[in-house]
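Visitor: Annotation source TrEMBL lists domain 'ABC transmembrane type-1' at A:139-347. The transmembrane segment annotation in TrEMBL covers A:26-45, A:51-72, A:84-109, A:135-164, A:176-203, A:209-226, A:258-279, A:329-350.
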Amino acid sequence: MSLQTSPTSTGASADDATAGRSRRRLPQWASVAAFLAAALVAVLLELLGEFNIALVVIYTVVLGTVAAYVVSRVVEGRRKATDRLVTCLVVSAFGIAVVPLVALVWTVVGRGIERLDGEFFGSSLVGIVGEGGGAYHAIMGTLIITLLTTLISVPIGLMTAIYLVEYGRGRLKRSITFLVDVMTGIPSIVAGLFAYALFALFFGPGIRLGIMGAVALSVLMIPVVVRSAEEVLKLVPNELREAAYALGVPKWRTIVKVVIPTAIAGLGTGVTLAIARVVGETAPLLITVGITNGTNLDPFDSRMASLPVYAYYQLTQPGVPPEYAIDRAWTAALLLIMLVMGLNVVARLISRFFAPKTGR
Amino acid sequence: MTATRTPTEPGAAKPVRRPGDRIFAGSAKGAGILILVILAGVAAFLIAEALPALSAPSDDIPGGEGLAGYVLPLVFGTLLSAVIALVVATPLAVAIALFITHYAPRRLAQGLGYVVDLLAAIPSIVYGFWGIAWLAPKLVPFYQWLEDNFGFIPLFAGPTSSTGRTMLTAGLVLAIMILPIISAISREVFLQVPTLHKEAALALGATRWEMVKMAVLPYGKSGIIGGAMLGLGRALGETMAVALVLSVSGGITFNLISSGNPSTVAANIALEFPESSGIDVNTLIASGLALFVITLAVNMLARWIVNRRADFSGAN
């Protein structure tokens, strides 16, 4: 493979066509060497000025890509060089995507870890000016609203998925599938406005209730549940259904006793991921549930606090000594990330440990 | 598409209809129809609550220039930020999808895909926090450089915002948020490319890039377009990140790096709604209706493109 070429390749640039056809290859370490050289140059450049790690990385990637391209172009010809160039670009694209993820987690953990203490979990904001205070009321609010959302969304979503997989046919099935897809794209704020408009028609304008938030979030959660449940139910082997029918089991009992138990791991994973998706939603809760400083555990009576909205208001309206509220906001953001990541991990664990026991 | 046909109603023999069956089938169908009702309800209730603003005299609308005068700059801001996000995110997302499907070592590919998916899991308000605290200040020197060197282009005319909370920053945050959507869909189609196409290209002596260019990209084109449009739909409706990151002054401007920016529909609702009452609420709901119509159109088009791909897919 790696045919070592002499570095004095004056003939290579003479004729591009011959160079392209020639069997000369750069050794495998050539790209690595190019990037190391580029890193060295970048560090030297930066040592002359003031040292900035981000610029060093950027210079290294740019210079390394250019160096690899030029060397390869001279030695291997145009086609190979383009190939190397694209490889470099594709790898750096992935690198670029990882930067915000790392930076975000780093920032949020760094600024939020300070107030992640007992008081944050144990107390609300009643009578708090400045230091101390917590998000007990917001955490409870988020739990209650999310629970209600799940109670609304899972039956509707699951039954719709069952309809689509087991019963549906023709126009109705096609239009439901299509509209579920479209519903996935409803902006969260529009879902919030819908819940507000719905309740405002019955209870008058200015209404704020916990249940409104649950309705708004359900609009966002139902399509996610339907999609994932549909995928999972489709995976249940037809032989199982046929075996049940052959034994004279009614269709509904087949679904309840055979299909759903077989798919239960996937359903659990799907529902958990759907919860993870809505638990951090801020906009719909901002306009339907509002915010309070005290603890309100009744979703059918006036405003409630919730973690994302709490974080939003603590950051944007921090009050007079602003630093304490801003610290609380970051801790709430950290808690949100932990909640979402935790739910993601739980989803993976469910699919691993409750995998169907039927033979594959 | 419908690989699994359920083995129900075996043709001629009509099965016995038990009451349990009828109830269960009915409730499943009911749930399905409920979805249609909800979607129709979203439209109906938004229209009902928007009507007062549609018929109100133009002086009553905030800004005093009528509903169109209020909504149009917002729609402009929404489209501008979403287009920036799309222009930045699409090439990146396609490259990432290529990396995961065709460049990364097999063993790592799935884990790396999961890393990109994590970007989609982070709540949008956290992106807003991060955008204000980390990204915006870091971008200020870059914007200054843009103004100094490319100030003759109206997009970068400046003067540079000192906080960095500009339209371009909002667009970049949105780009990061839609990256996982576009790359997930592109990844899916790239994986469907028939191996024979790729092997044929390689057997003819193509390099890896030439193989990708000749076999993978043409096959995945409509998937990429559909994914990009889904990303566009998400970017259009994204609320909290924009509401936090963008420093709003209203008006229509193409200047991306100054401190004067148009707001977006969604962000404007989130910022104004909690303090509004009376006709202002109706106006905001009317703007939300406009957003709903725009995203619905974009999403329907996107789904249509993606589904058409699935129908024609010769891979399976």
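Note that Cβ sites are derived from N, Cα and C of the backbone, with glycine treated the same way.
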Visitor: State the non-local partners of the transmembrane segment (A:209-226) in its own chain: residues 6+ outside its ends, Cβ under 8 Å from one of its Cβ atoms.
Guide: 141, 144-146, 148-150, 152-154, 156-158, 160-161, 164, 180-181, 183-184, 186, 188, 191-192, 194-196, 198-199, 270-271, 273-275, 277-278, 281, 284-285, 288-289, 296, 298-304, 306
Visitor: Out of A:26-45, A:84-109, A:135-164, A:176-203, which stretch touches the transmembrane segment (A:258-279) the most, going by CB pairs under 8 Å?
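Guide: Stretch with the highest Cβ contact count: A:135-164.
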Visitor: Give the nonlocal contacts of the transmembrane segment (A:176-203) in its own chain as ranges (CB under 8 Å, at least six residues past its ends).
Guide: 160, 163-164, 168, 209, 212-213, 215-217, 219-220, 222-224, 226-227, 281-288
